[in-house]
Amino acid sequence: MTKYESLVENTKKSICNTYGRYPVDVTKAKGSRLWDLEGREYIDLLSGISVVNLGHCREDIADVMAEQARKLVHVSNLFYQEEQVECAEKLLATCDADKVFFSNSGAEANEAAIKLARKYMRTVKNRDAYEIITLEGSFHGRTLATLTATGQTGPIKDGFSPLPEGFSSVPVGDIEAMSAAVSDKTAAIMVEMVQGEGGIKPLAHDYVQAIVALVKEKDILLIVDEVQSGLCRTGKWWAHQHYAITPDIFTSAKALANGLPMGAMLATDEVAKGFTPGSHATTFGGSALVSKVSSKVLDIMTEEKLADRAAEMGDFFIGEALKLKDKYPGKIVSVRGLGLMLGIELGFDGNEVFSKLRDKGFILNLTKGIILRLLPALTIERADLVSFLNTLDEILAEMD
Ligand SMILES: Cc1ncc(COP(=O)(O)O)c(C=O)c1O
């Protein structure tokens, strides 16, 4: 039995069977490279699903992590900690929000957003409004409330009923359907600016403006889920900045601490009034260690102008991928993206292309069975993107 086979067997024995894993083990990573137990090298175009936006195992982040690990790791939110404030101030400097609540994951950040919207409506607005309207095809997490908010049906939800009340989803792009779904019980509309798990689908500009107008007219809140799209990924700090809007609440996680678990819910001062001591809490959220690392991440994103870099590299990639679409009409039906949040939709089942790419050393994701999804590190070399596109070209040329 190889080391890989034995790892697979032991995983099956000891870990809950919730993941369809790729047939790859990873033992080491650096920048945009991964290595398996046999020493085989891969180009990582997925970054741990948009988490390791600065590349793997950077020395400067490792130094901050090690230094903080010797100073203060965790004391709980019963205490004031300067690392937390430093991180919050840096985060708030990237956007129009005024206050942060730190969590440990994207789902928890979204839970906080949903809870804040309901609490704000009841305690500040004196309205018994609690419903959250989301978009079909969206993904907001796996806790019961965020799973219910997720605009998908099928295995993701099957077997978990009863799901919490107060959620509905409407088709993307249909402002009339959204308007019709709003009632006096509606607290908020919650959307991703670019649907990630849904297949890299940016919302249309006019549609977002119409949502903002609707939210204003009905005096309800706009929550934007930036768990995947945030932190320079799309070519701006936050995807909502492409639409020049200010959400009442938005959420972040994934890349916040470049691999350490961290989430954040950000809100305007007005909406943040909904939370008072005891309203909401977490044991781990915003510990000194993750906050210090996150501060460093935010510094690096600023110093290395990674939003601009993501925009430039994303434009380059989309331009080149569109040439492949022209070369293989029918095989590539759509190239989509914003910055380095990229999708290539194939006109046929993508599993064969996906495994051939992996066999040739490229790690990415296949969404919905037909969309090659790439979320490379924002520091990725142009040569790595070129190498991927050339390999995809070769694979598509060989296929009937
Ligand atoms: C848009 C969006 N929201 C929420 C989540 C859930 O985040 P987490 O897995 O950290 O709970 C994800 C995860 O992929 C996501 O892409």
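Yeah, the Cβs are placed from backbone N, Cα and C, and that goes for glycine too.
TrEMBL does not curate its annotations; it predicts them automatically.
Copied from TrEMBL, the annotated features are:
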type: BINDING; residues: G106, A107, F139, D225, E226, V227, Q228, T283; note: pyridoxal 5'-phosphate binding site
type: BINDING; residues: R142, T282; note: N(2)-acetyl-L-ornithine binding site
type: MOD_RES; residues: K254; note: N6-(pyridoxal phosphate)lysine
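If you draw a 10 Å sphere around the CB of T283 (pyridoxal 5'-phosphate binding site), it holds 10 other CB atoms from the protein chains shown.
Among the binding-site residues G106, D225, V227, T282, the residues whose Cβ lies under 6 Å from any atom of ligand 1 are, in sequence order, G106, D225, V227. Looking only at the binding-site residues Q228, T282, the densest Cβ neighbourhood within 10 Å occurs at Q228. Cβ neighbour counts within 10 Å, taken over all protein chains shown, single out K254 as the most crowded of the recorded positions R142, K254. Here the binding-site residues are A107, V227, and the one ringed by the most other CB atoms within 10 angstroms is V227. For the pair R142 (N(2)-acetyl-L-ornithine binding site) and Q228 (pyridoxal 5'-phosphate binding site), the C-alpha distance works out to 14 angstrom. Among G106, A107, F139, D225, E226, V227, Q228, T283, the residues given in the record as binding pyridoxal 5'-phosphate, the maximal Cα to Cα distance rounds to 25 Å.
With the fewest other Cβ atoms inside 10 Å of its Cβ, the least crowded of the binding-site residues D225, E226 in this structure is E226.
Under DSSP, A107 (pyridoxal 5'-phosphate binding site) is assigned to a helix (H, G or I) in the three-state scheme. Here the candidates are the recorded positions A107, D225, E226, V227, K254. The one whose C-alpha lies nearest to that of T282 (N(2)-acetyl-L-ornithine binding site) is A107. In the three-state DSSP scheme, D225 (pyridoxal 5'-phosphate binding site) is classed as strand. On a Cα basis, K254 (N6-(pyridoxal phosphate)lysine) lies 9 Å away from E226 (pyridoxal 5'-phosphate binding site). Burial estimate for the binding-site residues (G106, F139): highest at G106, by number of other CB atoms within 10 Å. Spacing of D225 (pyridoxal 5'-phosphate binding site) relative to K254 (N6-(pyridoxal phosphate)lysine) is 12 Å (Cα to Cα, whole number). It is 6 Å from the Cα atom of V227 (pyridoxal 5'-phosphate binding site) to that of K254 (N6-(pyridoxal phosphate)lysine).
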